[in-house]
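Colleague: Below is a structure I'd like to ask you about.
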Amino acid sequence: MQRIIIVGIDTGVGKTIVSAILARALNAEYWKPIQAGNLENSDSNIVHELSGAYCHPEAYRLHKPLSPHKAAQIDNVSIEESHICAPKTTSNLIIETSGGFLSPCTSKRLQGDVFSSWSCSWILVSQAYLGSINHTCLTVEAMRSRNLNILGMVVNGYPEDEEHWLTQEIKLPIIGTLAKEKEITKTIISCYAEQWKEVWTSNHQGIQGVSGTPSLNLH
C-alpha cells in the first residue's frame, strides 16, 4: 500500500488531473484534506467522475477559493492539525494538497510542514508559465530541506527544451508529461493511466520517467 501526496508549485497547475490519472493507474483511493471553494464541483467530484476512484470525505470544506488559512478565517473555522488525519484504508491512497507546498494551512503552519511528518511519498506538479521554473526550483529546494521522499515530477505544458533543462537542473525524474488537451475526459485519463501504470508496475520502487501525449494514441 502506497500513500502519495500530490503537490503543486502553485494553485491551478494540474494536481487534480494528475491525481485522477494516478488513482486510475494504481487503482487507488483519493483524499483531499481541505477543499477551499467550488464545493458543488469539488476536486473529489472531479476525480471520481474521471477515474471512478473512491474519494474519502474532506476534513474541511471551505467556501472561498483561497489558501486554507484565509478561507477558514472567512468561514469562522479553525483548522486543527489533529483533525487532518489520513483515512484508514488498505488500498493505495492519493492525497491532493490545496495550492502550493508552502501555502499557509493553519493559522500558524505552512502546508508543507503540516504534511512533511507523514509517512508518504511525494510527486510535484509543475505547469509552464512565466516564472514557473523559479517556482519549481524553490519548491524542490523547500521539499528537499525537509528530507521528503520525492518520487519525481509531472510537467504540464513545457516545451521540450525547458523540460530537459528542468530534468538536468533539478535532478528529479519526469514521471509524466501532460499535454494541452482540448477537453479532459475519462478516455484521456484512462489513456494516460495505462501509460503510467505500465512503467509503475515494471518498477516496484515507483514511476521512473514516463512521458508522452496519450491523446495522440487514441486511434
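Just so it is clear, glycine is given a Cβ too, placed from its N, Cα and C backbone atoms.
Reproduced below are the annotations present in Swiss-Prot:
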type	residues	note
BINDING	G12, V13, G14, K15, T16, I17, D43, E96, T97, S98, G99	ATP binding site
BINDING	T16, D43, E96	Mg(2+) binding site
ACT_SITE	K32	active site
Colleague: List the same-chain residues at least 6 positions away in sequence whose Cβ sits under 8 Å from the Cβ of D43 (ATP binding site), in sequence order, or say none.
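Modeller: Spatial neighbours, sequence-distant, of D43 (ATP binding site): T16, S19, K32, Q35, E96.
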Colleague: Quick one: among the binding-site residues T16, T97, which has the most Cβ atoms sitting within 10 Å of its own Cβ?
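Modeller: When each Cβ's neighbours within 10 Å are tallied, T97 tops the list.
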Colleague: Determine, from DSSP, whether T97 (ATP binding site) sits in helix, strand or coil.
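Modeller: SS state of T97 (ATP binding site) = strand.
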Colleague: Among the binding-site residues listed here, G12, G14, G99, whose Cβ has the fewest other Cβ atoms inside 10 Å?
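Modeller: Minimum Cβ neighbour count within 10 Å, taken over the binding-site residues G12, G14, G99, occurs at G12.
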Colleague: Starting from the Cβ centroid of T16, D43, E96, which together make up the recorded Mg(2+) site, report each further residue of the same chain whose Cβ lies within 8 Å of that point, ordered by sequence.
Modeller: I6, K15, S19, A20, Y30, K32, S44, I46, V47
